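> I grabbed these lines from TrEMBL:
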- B:3-116: domain 'Response regulatory' (DOMAIN)
- B:52: 4-aspartylphosphate (MOD_RES)
- B:135-234: domain 'OmpR/PhoB-type' (DOMAIN)
- B:135-234: DNA-binding region (DNA_BIND)
């Protein structure tokens, strides 16, 4: 059960470490995102606009230049031109455009295509462009990508202006010119945008950190203050600065701390009062009881010599004094629990030995069968364990039926629990009563109510078990008899030492248990299943053990 | 039969306890205040003192210290306050045991006998296996333990150890370096037949340290093993 948990923990740890979870990290990341988005959007829009403007201007000038050249050279062209005329025209155009470094190709409808290979860069005209120029007679241009280089392709029909009406001549001029320079300009723009955006992003970290600090400092203060309050330093207050939401939060926190301090002080006062009252009552009740209790055995001894009525009166007084004394003790114990004044004095003890002593001190060894494996050491308060066992065994002897068995189960290594069962062979507990057996002053059988005990015994046993952090349950065996199960937690290191050094003691302890028949774990399961039968076979076991002690 | 000095301010308790103990054959002298008790001490020469904690004038703690200063007399605190604090304070003031009121006559009797039995120093056969060797005087640092003469001296001066302190020191120093839990010490040194209290051990160790250690805060001879118990040395 522990292994997978310990294996799972580091995985979760690395997961949280890989994600920025802190408030500061989130604030900075959000800030950077906003800065990045706005910088990118601005850059992208600027880039688009600037690029369009640059390209537009170069197109316009190129078209204007080409038209100017065509208009000045076209009238010299013979009509209809020969192949040579057209070539000459195109060469002239080409030469005139040297400054622009364009390639020109002239097409005259009806004249055969000439060999384009003599041109430096063959002008390849896409069909749509050719169609819009030659059929629809409009000037068209297109940006094309050739061998990864941007080119502007211009198609221009030549108008015949000799006649009255301007008609389209069969002559068209195509020119292609590289946009390398323009592209370089645009690229410079992009890199300028990049060079600008990165430092801006870097710079954005500074205000982001400052903003984060501004928010986080009060938050950190709040966290530390809450931590101090949790430690019990209730006088902790925050400094209220400004009038923002954080100041409101600080003010509310201070109000809360003040209220908390006040109510805790009230509680403490009440607790101190309750404690003092318990101590006073204890003292005032105990003093007369001390005088009475000291002499009750004197009364008992002398009762035989008195006349019968006086004798029974004396015995009654003696008996009731004892009961009253026990009741006062129990009440004191309960009030100590209620006042939170019950302290745990932990000590490492041999559990079997402690239980045996409890039985011995009350002369119960003869009436109780035990199954106590040796070598079970645990860190607990022996005085409180004594109270628990004594109450449960006493309860079993008085209200249940003999034989009563006390079973201790040695904890498995790593189990972390010590289990003690007290089983009686009586009629069991009424199912209606079962949920209330640990209530104070709850008497299972009103006819037996005054027979023994104050009705506080089981409640006190329960409180003692709880003080150890353990649990206590009452149940019935299927074939009669009640089982009280006490489970006490063993701290981690304690199970370790129990598995370690006292191994030898455990071994020697187990051997006689095996001789006696059922091994201790089997015995425990039998009782859980409700079997009453092993009781007989075990009867020999405690006798042997009692001799040892 | 043991002679018992009872110091108790409440007349009813005084009479009741006196009656119960007399019936059991003890010789009892009763005092109503600490001052009276201290006055009675030299003439009556009791074997054991039963001391109430809440007394008018000098309270039980003070009386306990005064008795302890003069003589090594076993003292049982008789307290109506069963609270831990009172018990611990009483034990630290030098009491050998405590009884929470109310207690029956036979309980008083049993506790008195238990304290007397274990404070009777191991002169008669109870001395254990350390005896047969020819060198019963052992030296640990500045501390000299004479097991036969039951004298502990430090730097040449004899130390006035109370019986339970002496027994604890003898037991611990018999196996230097070995760790004993409070429960083990309770079982071996105090020989409790009833259910013992580990605070007896702590209080006794504290008193022993104030007598044998140079600086009781950082003990050299009786060391605490955290979470387990005590051991003698190693020096």
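Cβ atoms are placed via backbone N, Cα and C, with glycine included.
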> Counting by DSSP, what is the helix, strand and coil composition of the domain 'OmpR/PhoB-type' (B:135-234)?
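Counts, helix then strand then coil: 36 helix, 25 strand, 39 coil.
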> Write out how many residues of the domain 'Response regulatory' (B:3-116) are helix, how many strand and how many coil, based on DSSP.
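Split into helix, strand and coil, the domain 'Response regulatory' (B:3-116) gives 56 helix, 24 strand, 34 coil.
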> Tell me which residues of the chain lie with their Cβ under 8 angstroms from that of the residue listed as '4-aspartylphosphate', as long as they are six or more apart in sequence?
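For the residue listed as '4-aspartylphosphate', the qualifying residues are B:7, B:8, B:9, B:10, B:13, B:60, B:77, B:78, B:79, B:80.
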